[in-house]
Structure formats: structure tokens, C-alpha cells
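Chemist: Please read through the structure below; I'll follow up with questions.
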Protein chains: 6
Amino acid sequence: MRDDGRNENELRKVRVEQDYIKYPEGSILFEMGDTKVICNATVEEKIPGWLKGQEKGWITAEYSMLPRATDVRTRREATQGKIGGRTQEIQRLIGRSLRPVVDLKALGERTIWIDCDVIQADGGTRTAAITGGFIALVKALQSLVEKGILKNFPILDYVAAVSIGKVGENILLDLAYSEDCEADVDLNLVMTGSGKFIEIQGTAEGYPFNREELDEILMLGEEGINKLIEIQKSILGSIV
Amino acid sequence: MRDDGRNENELRKVRVEQDYIKYPEGSILFEMGDTKVICNATVEEKIPGWLKGQEKGWITAEYSMLPRATDVRTRREATQGKIGGRTQEIQRLIGRSLRPVVDLKALGERTIWIDCDVIQADGGTRTAAITGGFIALVKALQSLVEKGILKNFPILDYVAAVSIGKVGENILLDLAYSEDCEADVDLNLVMTGSGKFIEIQGTAEGYPFNREELDEILMLGEEGINKLIEIQKSILGSIV
Amino acid sequence: MRDDGRNENELRKVRVEQDYIKYPEGSILFEMGDTKVICNATVEEKIPGWLKGQEKGWITAEYSMLPRATDVRTRREATQGKIGGRTQEIQRLIGRSLRPVVDLKALGERTIWIDCDVIQADGGTRTAAITGGFIALVKALQSLVEKGILKNFPILDYVAAVSIGKVGENILLDLAYSEDCEADVDLNLVMTGSGKFIEIQGTAEGYPFNREELDEILMLGEEGINKLIEIQKSILGSIV
Amino acid sequence: MRDDGRNENELRKVRVEQDYIKYPEGSILFEMGDTKVICNATVEEKIPGWLKGQEKGWITAEYSMLPRATDVRTRREATQGKIGGRTQEIQRLIGRSLRPVVDLKALGERTIWIDCDVIQADGGTRTAAITGGFIALVKALQSLVEKGILKNFPILDYVAAVSIGKVGENILLDLAYSEDCEADVDLNLVMTGSGKFIEIQGTAEGYPFNREELDEILMLGEEGINKLIEIQKSILGSIV
Amino acid sequence: MRDDGRNENELRKVRVEQDYIKYPEGSILFEMGDTKVICNATVEEKIPGWLKGQEKGWITAEYSMLPRATDVRTRREATQGKIGGRTQEIQRLIGRSLRPVVDLKALGERTIWIDCDVIQADGGTRTAAITGGFIALVKALQSLVEKGILKNFPILDYVAAVSIGKVGENILLDLAYSEDCEADVDLNLVMTGSGKFIEIQGTAEGYPFNREELDEILMLGEEGINKLIEIQKSILGSIV
Amino acid sequence: MRDDGRNENELRKVRVEQDYIKYPEGSILFEMGDTKVICNATVEEKIPGWLKGQEKGWITAEYSMLPRATDVRTRREATQGKIGGRTQEIQRLIGRSLRPVVDLKALGERTIWIDCDVIQADGGTRTAAITGGFIALVKALQSLVEKGILKNFPILDYVAAVSIGKVGENILLDLAYSEDCEADVDLNLVMTGSGKFIEIQGTAEGYPFNREELDEILMLGEEGINKLIEIQKSILGSIV
């Protein structure tokens, strides 16, 4: 049994507050245990310069943490005058995770910005940003369909993400921060509603892992993803 | 009567959610109508270099808005690689507003960081940051007293802030964003619980104003400040 | 009596050297006691992007201090790679102070840059920059009228600025640096030739002030402004 | 058969030029087909501040490409004033890949910098940087042993990296740039000489992949890693 | 005869206003025709980190132009967030030119900053900065001797700089801006009072020059330097 | 005799590896003793904005050193977020040196980028970059002629550069790094195949030099330049 009483294959409690901020086309507060991320989706009626002439749209993400989302205050990236490597890695990952489930041609020449702002962090912020960011994205696309701007709903599949880790001798699903600190292996998994992989990022922090461990991790991850997609379905309805 | 049904001398509804984020020494969500600001106070056991040897503490503030706190998405300052002039002005104002009500000698050689992050903006974000930031500051100082780190509670007075503007022919208290856009005069007032001025910042946006108008603005502002300090007292109790 | 022998309501000696630099459309060296500011006005035949289509012009200001304008050498902002908060605050203030007295429609689609470079600082550099910047601005506009580029002279009123402070028990006009350092209250006032307020920025540095003190400060400030506008009139003639 | 005549499970020709630059403690030119990376290892007798007091060393990496390492000239990051997200991702990956095979305690309080500069790029630059960077690292550590600075050789295992992709219907080992551009799935694999995983980074570029495909990719990758480690052994000898 | 009536070997009129700014240890306004440079020398009682332990001092220079020192307004380097290549080249040149005539051992562990701020530019600003910067430097060193901080006056020789150019068929001394624009060859010469070279920087702008032309340029330059050093002597007295 | 056995007027061994990188229009590895510079020439079919409408092309250069091109590792300029003064000086020098031997009208509205990346530095990197950069430039222009993009070959002359220094009592040609460190005088000379000067940059590092020494330096430099141009001719053939 884990510190917070969960079983090895148990997700933390997920809570989704819809229509959280009033301005964005899609906005939720996504909570996974004590990790809380505001996910806002903005529709912008233009595309990046390098995409011109391809008659399709774009999904891009930005990620940030409030200075005191963490136990010790972190200096703001704006104050440092640059975006750190970890932040860049995460926002690129969120974009890569969401784009494969959107029909960019059907989206038309517009960009959806997914802003993921972590107001409280307790591990798994990047996977929470993907799972919650997908909900905000869908909300924004639904509003475009409702307004008649989009004729066809351009979502191809659900997508969710979860972390799995090896802590001591145990493979655990959905690591809290205290577990993440002790993990020898840390793997983030992004999968679709139809059970396919979009992204696998596994890292051995000091302890290379073998094939059997990898298989166990992937199995546990898939289990978690399925539960998260059930939650998405309960909020968004049947969209594919 | 105003767009949202308020009288000229009426504040928007204030809502304070205490213990909002779990890590900071003081943390609230401060709402004033549709303006929502997370105010987190962090205690840091060191002081800025230039204060060394003076045997006193420091209060400093940082201010930021989520990209979609506004109707149109704003580019992040971290992405731009620098903090804009407006942001710097506001965070300097917050610091100047809070320091005069703290006995910095009694605080000892430590810094209190007040992070004000606007998650939804509808006018008056800087005044909300001051009024809410004071509450977070007091909460953090109370925790220092409770832990026995501070012997004496170093707060000298309450402090709150409000905006007043001239819109058309009317002097209005606590401008919402739509009113602020039309205002010819815009004045932010920071006052203490004992009715003294800490900061007056009045600007004629295209329409210079006369002395009678100034007097009316100051009177209305004082009225608003008094109501805000009542709300602070209902939350913090009698602290001075 | 003050350190430099002035009465409480006495301005420092003002000296204006006209046509100071040969290239700008308007150029003066403005001295107020030992504070010396080069004020250059540049006419640029274009407007900022966000003003496009509004058929009006723009007034903007930049402010800087030479490294050794001060007693201790200050590091250049160019070397630091960014413009500090204080500088940004001041240049925004100069712009806000000058725009309300210009008929921006009549100015047409052009920008006037007001560069205020402090070569020697002894307190009151921002108010000197406004009072002197106005003279340089008028000179530049007069040259546009003389060249037939502007048909109508687009100035609506005079504008000047002054600081007032509470030092010990005294309310003093036009603080020198040594007085400013000791001041409990510091207020900058920007007013027009017709006695209206454009900007009030009052700050209690450690000592909140009451209404009677504010009234006394405003009265003294108005007196100083009137004298400064007399000096402007003696240089510029009757322009409104 | 592939464009360059290789079989699906065939690596490009590997060429290692030893002692390439005369100053670094370890220096090679690592070529994998037309991808050419200078890998220099520098020993620095200090550690990052955050590691102080832990009595161990650190391995860190920097990665860069010459502007004309690519078909179209890329702007230098120094000229842009910041390091891009892709570069940061890669240099973090190189560091994470090399650290698990080094006994950082045995290394002592020193840092090894691995500089990977791509002079010609034809796909797989990050995996080449890891495989070649390991050789440079070992060379530098061997020199420390030879000089008597290190008593024990602190290498725990070999490490190499390779890319595998799904292009059309085929799973291909070690993608050249033209193949990488067409790939639906792109996976980078970092493994040790004892067949364990250090890092798996798989991305579906537009085409989510299933479990069977993942298994096939991992098998092909392991095959490639084994060949690369054979090459490392032929250069470095038996070091573990 | 030249545009301004000078002969080919004639300097522009030099004017030196002493004790120009009240704070610096040495301060002059140096004018050479319409080129006007404020030269301020600051004594700082510390040395750069890399000079520690060598028991000697340092001379360093910074150079800047006001935005409207030129006919067309130039954007401030602080606004651009970086110092341009031309500025860096010039400030390095000023430092290199002044250091060889100072006995850095005798100066002791202190730094002299030479700030050269061009308020009006009409060609030859870098050479004016050197010739004027030397005067400000000597003034600052004299003040150190007067205060008893320095026992021995650490100046070894005079130093002055001048530009020479080939315009059309003529070799001209001390180019004004209009001449500089048309010059095929532009050479800046820094020489000592004893007729030795400290720096030669000659550039063919589109027209490579031969040895006879070089000899003529050097002879004319030496003539100009001698006159400038006479002017320095008339101000500073006989200091070596 | 010198450390490496050379006579005073002897160049280090020059080695040129042609077609070094496969993508650039011109690419060589230029070695001069232990100094090794990759010189890549890129043709870009556009010109800088300020050159528009003049119907001519542009030659520009960028220069960089790998962190471990030097004995002690140097921090990357990209990591520092800015290009240092030395780098800027050198890249401006390379551009100025190459432009006078190109007929920019005949080049047409295109830019040639000369990227000089020092992979190993042992003194004279800037002169090696000019001598080698010229070869890469010619190669790129030859390819434009071969492809029929250019009708006339726009090269007007050869150009090469060399350093000469005074070390102790000796005037030495082509300083190695160890000699450069001890030199009292350091002069870089850029000359054409027809024996004309393009650039002279001589600096007295602590020891001002007289006219006879200058003459001797120039004579030795010319000798070195002639040998370098012979080498260029042996590679490029007779091109003017």
C-alpha cells in the first residue's frame, strides 16, 4: 500500500471543473490528486508562417507553473528572461500528443493554443496537462461547431496520458511527487482511446531497466489510460 | 445605474477563498466581481544583498496574468524574454503599498514574496492584488508567529486598494473592465485602516480633470477602501 | 530654510538652452538646479502598428541617465540587456503627460519621439523631463508648421510637472536629491496651463499621510506648476 | 531495400577518428553514414552548486549544429540569443543517457562536459552524439586514471543509442534524414552493454502505433545497439 | 579646399569644457567641430575578477550615442536588449588605447571607467572619445594624487587619436561625417606624445590602397596627433 | 629559431581539404599549423533589407569557436545569450575583408554567408578565417557560374590575411598562440593578390612601437600574404 493508501494500479482522484475561466473557448480546472492545472484552449484565426499554403490548422501548447505551485518557491521564467529546458520539453510534448488525434485539414486554417498553467504541483503535471488539455481542446472545437464555424467535428480519437514508475521493487501507476523523487524508472505514456501509442518517454534515473519491467510498466499504463478516457467520456460524451 | 446593476458607489462582490494553494505560508484566491487573483505569500529566510547589515526584512511582490485571463489571448512574458513595463509598474506598486504597514525591523532578516497571479481579469487587477496580497501576507506572518519564529506580529495597519474613475459625467467606484475602457480619468487609491494615504495614482486619459473632480474621486475611493477593510477584518480578525 | 537656501515654496533655478543639439526637430538642455536633461524631439513619419487606420498621430518618450549622472556610477541598461522597472515607469509617465495636450488627430499619422537623457541628476529628473520635454515637443511641432507640413498647430494647452514632498515636518516644493532621500511623502504632479490635473503620483515612503497633508501638497504643487508654465511661455510665446 | 541500399536492420557505416582535437581530455570525430559529430570531453575540477556536499561528480552535455550542417542554412542560436527547445531536449537527453553508466561517487567532485558539435547532419544526430559521446567520455576518464587522478575507473557499463522508425509499412533501423522525414513513428532507444534500457523516446508523428509495432521496433533497436557496442568495444577495449 | 573651408591637413576646431558634470572624478565635454562627447572618468576601488592577485589596476571604457546624436534617430541599445558590434569594437579600442600610457602597477588595485557619451556626432566620434577620454582619465588620476590616495602619478605618456581618409584623390585629416561617407580609405590612428603607435586601424571601403598612400596617410595622421597633444598639454600641463 | 623550428619569416604549414561538408555551395577545412577552421559558403537568394533597390549583392560572415577549440573550455555564446565583442569584431573584419574583392553588382541580388567555425585554435584564427573564407567564397561563386545562375565570375582579386608580431626583439610572421601571448605588438594584415592593403589592424599590447618597426612588420606581412595567395592559386587556379 502506498503513502496515500492507493493500490499499485490505482489512479489518484480526478476532478474536472468545467467552464473555469470565462474568456477561453475551452476552459477547465483539471485536478489529479493534489496536482491542479488550469487548461485553457484559445482559437486563433491564423496559422504559423511555415504552415502557409497547406490548407490545414495547427495545435500548439504552452506550459507554466506558478512560482509557488511547488513546496519551495521557483523563480519565474519571465524574470529569468528565458524559458527553461524542462518547460520547453513539456510544451512540445503536449503539442505532439494532441495533434495526432485532430484532423488538421478539417480544422481549417486556424490555431488552437492550449495553455496549461499548473497552480499546484504534486507530480504528473505534464500528463495532467495532456489529459486535461484534451478536454479543453474538445470544448473549444465543440464551440466552433456550435457557432457554425466548423462543419465537421475534427476529433479522431480520445487521448490521455499517465506516468508509471518503478519505486523500490514496485511498479506504481500515477506517481505522486514524493514517489517520483524515489523512482528508479519513470515513464510517461500517451495513448489514444483505441489503445494505440502516441508517445512513450521512459527514463532510467540511475537504474537501467529490463524488458520484463518495461512490459509490466506498459500494461499498468494502459490500464490507467483506459480509466482516464472513461472520465473524459463521462464529461465530453461520445465524440468519435 | 451601471451595466452590472451597481450604484456609483458600490463595490463588486468580494469573495475570498482561504488556504487556496497548499504549499505557501499564506494563500488565498481573491475575487472582486469577475477579477480573480491567486495571492500567495512565501517566507524566505534571507534578504536582498543591498539590505544586508540593516537588521530588517523586506516585502516584495511579483504580478502576472495567465495568457487567457483576458478576452484576447496575451503572449506570455516568459516567451517574450522580458517583463513588460506595465507588469513592472504593478509589481513595484504592490510592494510599495504593503511595506508601509509592516514593521520591517520586527519582521527580522527575512523576505516575504507576494505572488499575485491573475487567472481572470475584469478590471482592477492591481488593486485586487494589493487588497488580496495583504490578506496572504498577514496569513504568512500569522504562521510565523504560530511557529514561534516571530515573537511579535509585525503588522502596523490594514491596507486596501480600489480604483475610481470618471466615465462620461459620472464618478464610479471600482471600475469593471468595460468601464475602465471608457474612463476619462482613472485613479488608483491605496489607503490604510486608519484612513491614511499610501499611494495615489491618478491619470487623465485624454481629459485633464479639475480639483472638484479630484475631491469627489478621493471621497468615493475612501468609502470603498473602508468597505474592503471591513471584509479584511471579517477574515483576519482584529490584528492591530 | 533649506540646505540650498530656498524657501519651502521655491523652485530651483530653471535654465533652458535652446537648439542644443543640431539634428533634432526640437532640442533643448533643460536645467533645474543641478538636474540637467537633454530633451530631443524627433519627428518620424510613421505610426505604431496598433494605431493604423485611426488617422491620428502618437507621442512617445524614452528616458535614460548617463552612468555618471549620479554620485555613484550606475551600470548602463544596455550592458544589463534590459530596461529597468524605474526607467519604464518614467518613460510611460512622460508619454501619458504629453499626449493629453496634443490634438493627435491634427498631428496626423506621425510619431513624435521625446528623448530625455539625464546628464546630471539631482532629484526631480522625471518632472524635469516632462517640463523640458514639452518645450522640445512644441519646438518640433512649430518646425512642422513652419515647413508647411502641419496646417494647424496641434497643441491644446501647456503642461509642466513638479515634485513636492514631506520632509520632516515640512512640505517642500521641488525636492533636490538630498531632500528626496529623507522625504516621508513624495508626490509628482503634472498639470496643464489651465490648472487641470493630468497625473498625480503620490507615495508614502514609510509614512502614510492624511488628507490635510495631501491638500497642502497639491496647493504647493499648483503654485510650482504655474511658475514653470510662466517660464515655458517666456520661451515659447503664447501658443494656445 | 532502402535508398542507400541498406537492409531494414542494417546500420549505416560507422567511422571513429580518435584524438581528433588536440586539447580535450577525450576527443573523437564520430561518423554514422553522412552524420558527423565532433565529441569532446572536458574534465573540470569543480561541480555544479546544487551538488555541493554530496561527494560525487557530474556528467553534463552540450549539443550544437553548425549553421550549414543542414541542407538549408540554420540561424545560429548565439545570434538568436537563446537555445532552442530542440537543442535543450537533446542535451538533456545526452546527459541522462551517460550518467547511469558512470559511478558518480567514484568520479569524485569533478564535472565531465560532453560537447557534441554536429558538423554534418543526415539524421540520427542525437543518437550519434550519445554513442560517440560515450567514447569521448571513456577516453577522458582513462586519461584521469593514467594520470593517477582517479584510482578506480568509474565506468559501470557501455551505452549506445540508435533510432528506429516506421516508414510506410516497414520498420527500419538507423534512419537517414530522408527516411526520418517520411516516418510515421520515430523512436530513439538508449541501451547498455548488458541489454538494459536507459531511455525510450517514441513518438507517433501523425500515426499512433500499436503494441506489436512497438515490440518489433524494440527488437530491431536492440539489434542495432548490440552492433554499436561491439564497435565501442573494438575501440575502447574491454572496460567493464 | 574642403566643404567647411579647411585645408587637407587641418583639424577641426577643438573645444574642451572642463569639470562638465559635477560627480565624476574627471569630467569634460570634448568637442571637435560638431562632434561632441561627454567624457567622464570614474574611480572604482575594485578590479575585475580575472585580475585578482596581480597587484595592478585596470582602465576600461564604455561608449554610447544618444539616439538623436545623428541625423536620423537611432534606436537605443538598451531597447534592443544588446550592445551592437560597432559599439563593442569602439569601447574595446578606447580601453586598448588608454592602457599602454598608464602604469597599471602604480595605479594600484582600482579600476578607472571612462564613459564616452556622444551627444552630437559629426564623424570621428571614436577618436574624439580617445583624445577626450585621456583628458578625463588624467583629471581623475590627478584628483587621486591630490587626495593622497596615489603617491605617484601613474601616467607614462600623452595619447591622442585622429582619423585620416582618402576622399576622391585627396588624403584628408580629421574627416567630418560627410567626408567619411565618401571616403575610399578610412584609417584611425592612436599615437603617444613621444610619437609611437598604439593602434592603427585602416580599412579600404571598396578601394584597396597601396603603400605610398599608406605612408602619406600615416604622415598626415602624425601631424594631427601632434596638434592634439599640444591642446592636451595646454589643458593638463606638463605631466610626463 | 622559433619554438616550432620555424624561421622568423616562415608561415606554418597550410593544408586545405576541399568539399569538406557536403551541403554548402563552398566548403573547405582550412588548417594553418594547428589552427583548423571549417569555412562554409552559403548562397542565399535574398539581400538584407537596407540594401533593397541597389541592385547588388552582399557578403557577410559569421565566426565561432567550438568550446574546446582552446586549451581551457570556453562557454558557448548561445548559452550566454549573446555574442561577445571579440566575435563581433572578427566577423565584421571577415566581411570587410572579402567584400572589396567581389563585384557586388555582378553578384546580383543575393547574399553569400561565410561561416567560419574554428574547431581547433592555435593563434591566427581570424586571419585563417579570411584566407580560408576566400577559398570557400570562390568555390560557391564558381558553382553559381557552373549552374548558369551567374554569367560573369564576380571576383576582382585574391585576398589573404596574416598576423605579424613583435615578440621580444624579433619581428615574427604568422604567430602561434604561445607567441601571440608574449607579443608586444600584434598586427593583422589583409592584402590582395595585386599587393594592395584592405585592412591593417595593429595594436601595441603594452609597448607602443615606432615607424621603423611598423615598416618591418608590413614588409614581413606582405611576404607572408604572397605565399598564401600562391597556395590559393594552386587550389583555385587563375581566377582573375
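Positions of Cβ are set from backbone N, Cα and C atoms, glycine also.
So TrEMBL has the following annotated:
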DOMAIN    C:10-140  domain 'Exoribonuclease phosphorolytic'
BINDING   C:R86, C:G124, C:T125, C:R126  phosphate binding site
DOMAIN    C:157-223  domain 'Exoribonuclease phosphorolytic'
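A description of the local structural setting of each listed feature is requested, covering burial, neighbours and distances.
Modeler: The average pLDDT the prediction assigns to the domain 'Exoribonuclease phosphorolytic' (C:10-140) is 97.
Counting only same-chain residues at least 6 apart in sequence, those with a Cβ under 8 Å from the Cβ of C:G124 (phosphate binding site) are C:M32, C:T35, C:V162, C:S163, C:D174, C:L175, C:A176, C:D180.
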Chemist: According to DSSP, collapsed to three classes, what secondary structure does C:G124 (phosphate binding site) have?
Modeler: coil
Chemist: Summarise the domain 'Exoribonuclease phosphorolytic' (C:157-223) as counts of helix, strand and coil residues per DSSP.
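Modeler: Residue counts in helix, strand and coil order: 19 helix, 30 strand, 18 coil.
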Chemist: On a simple 10 Å Cβ count over all chains shown, which one of the binding-site residues C:R86, C:R126 is most densely packed?
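Modeler: Of the binding-site residues C:R86, C:R126, the highest Cβ count within 10 Å belongs to C:R126.
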Chemist: Looking only at the domain 'Exoribonuclease phosphorolytic' (C:10-140), how are its residues distributed among DSSP helix, strand and coil?
Modeler: 44 helix, 41 strand, 46 coil
Chemist: With the phosphate site defined by C:R86, C:G124, C:T125, C:R126, which remaining residues of that chain have Cβ atoms positioned within 8 Å of the Cβ centroid?
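Modeler: Going along the sequence, the neighbours come out as C:Y63, C:I90, C:V118, C:A121, C:G123, C:T127, C:A128, C:A129.
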Chemist: Around C:T125 (phosphate binding site), which residues of its chain at least 6 apart sit with Cβ under 8 Å of its Cβ?
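Modeler: Set apart from C:T125 (phosphate binding site) by at least 6 residues yet with Cβ under 8 Å, we have C:T35, C:V37, C:Y63, C:M65, C:I90, C:V118.
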